[in-house]
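Asker: According to TrEMBL, the transmembrane segment annotation covers 35-53, 65-85, 105-130, 142-159, 165-184, 191-214, 220-237, 301-322, 334-366, 378-400, 406-426.
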Amino acid sequence: MATSSHPPLPAAGTPLLRLPLSPSVRPFLSPNWTWAMRGWAALITIVIAALAIREMLTETTHGDFYIFWSAGVNFWQGNALYSQIGGAEEFLYPPFAPFVFQALAWLPFRWAVGVFTVFNGLSWIGILLLVRQLLRHYFPRIPLRAAMLFAGLASWRYIYHNILWVNINELVCLLCLGGILLYLRKYENWALVLLMAATWLKVMPVLLVGVLFFRRPGPVLAKSLAISAAFVGVILLERGPGQGLQDFADFWQITLTPFLAGKVYTDWISFSIPSALFKLLTAHPDVMGVRYHITDWPVAVVRRISTALQLLVVSLTFWQVWQDRRAAQPRPTTWVLVLLSMILVAGVAWEGHHVTLALMLPILFVRLTQLGWLRVRLALMIGTGLVALLISDVAGSTLYNYLQGFSLITVMDLCLFGLTMAVAFAGRSRIFTAYAGTTFSH
């Protein structure tokens, strides 16, 4: 009698053999993942892949990413960093930035575009996860779904701007938010590593380091200098002492010195205080056929006004930092003020720099809810929501150009700064302290 070479079928009720799954796949197939969650994950994957392919096909050598990629190539090959790069603008970042960018330089330009677009797409998720962790730290007993939905919708314009232009602001935002979270969880050393890395990439995050400095001046200064020395040492080790020191000298002379001497970008899409004032109050060439300046005041007068406003913003911000220096931790509104100051007083503040609104707006949303300022909360939602919606595809190119040129985003930033100051003052009142003592720690 012939016999089969196939193994016998398992008896009824015998559990089938389960193949081992990769740790990265196992959570996705877990019963804890609903089909809705799997659907969202699949949709996000498809959208990010589509965006990456589109950017790979359309990104040119005249965009920001070509500057980053070329700087990485120059760093890797030992070339000078601060010179005109192809058809793009000059490179203006500290030498630590191309040290990071050289990871992209190992790839051909268009492949690097695709990889970094995927990173930016995933970074939005990472930013929202960090925001939720920060909100949960400060507001452990408060439902956060509405605040998080608001954060996602009101910040999408700025996130998408970074994806569209393949920019690095999401990376800097991740470092800043990660540093804040680590500091709140008592990991000061690692917090400073992230915050100093962000500072050596974009300079302005040094204001966040200032919050830690005012609370523990000696240790924070010593650690910051040690971390900076490590970053500088790595650069000198790879570039060599001669070229490495020349890189820092070039950065000082080509980038920092002009800004310290009063250089201002009047580009129609720059939204810092000096940019907005110089766009409106000094004569400069029309942009795309539109004249944005409403008068022509002497440059010296406008510079004094700008400097006074910048000093006022920084003074009010760090007055709040000083007031809270002995508290167990900085208040949430303190971080909002510092993040807004990083934008308002910068020499250049593009639209993409506003990714940090993903943290600022939900903090204000929750605090306004706690205070019972519901009409103000509604105005916050409508105002920031409208700004997020008024992109060229919605508003039309003409209205969009006027809104950019007349610095609507700067007006929004100043309103948010004033609102945050009001919330911070209200938070110090005896009545609010008694109410909020059971909901979150100052």
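Just so you know, the numbers here start at 1 and follow the chain as drawn.
A Cβ is built for glycine as well, from the same backbone N, Cα and C atoms used for every other residue.
A TrEMBL annotation is a machine prediction, not a hand-curated record.
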Asker: If contact means at least 3 Cβ pairs within less than 8 Å, sequence distance 6 or more, would you call the transmembrane segment (165-184) and the transmembrane segment (334-366) in contact?
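Answerer: They do touch: at least three Cβ pairs between the two stretches lie under 8 Å.
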Asker: Looking at the transmembrane segment (220-237) and the transmembrane segment (301-322), are there 3+ C-beta pairs under 8 A, with each pair at least 6 apart in sequence?
Answerer: no
Asker: Taking the transmembrane segment (334-366) as the first stretch and the transmembrane segment (406-426) as the second, find out whether 3 or more Cβ pairs fall under 8 Å, excluding pairs closer than 6 in sequence.
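Answerer: In contact, yes.
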Asker: Cβ pairs under 8 Å with the transmembrane segment (378-400): which stretch of 142-159, 191-214, 301-322, 406-426 has the most?
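Answerer: Against the transmembrane segment (378-400), the leading stretch is 142-159.
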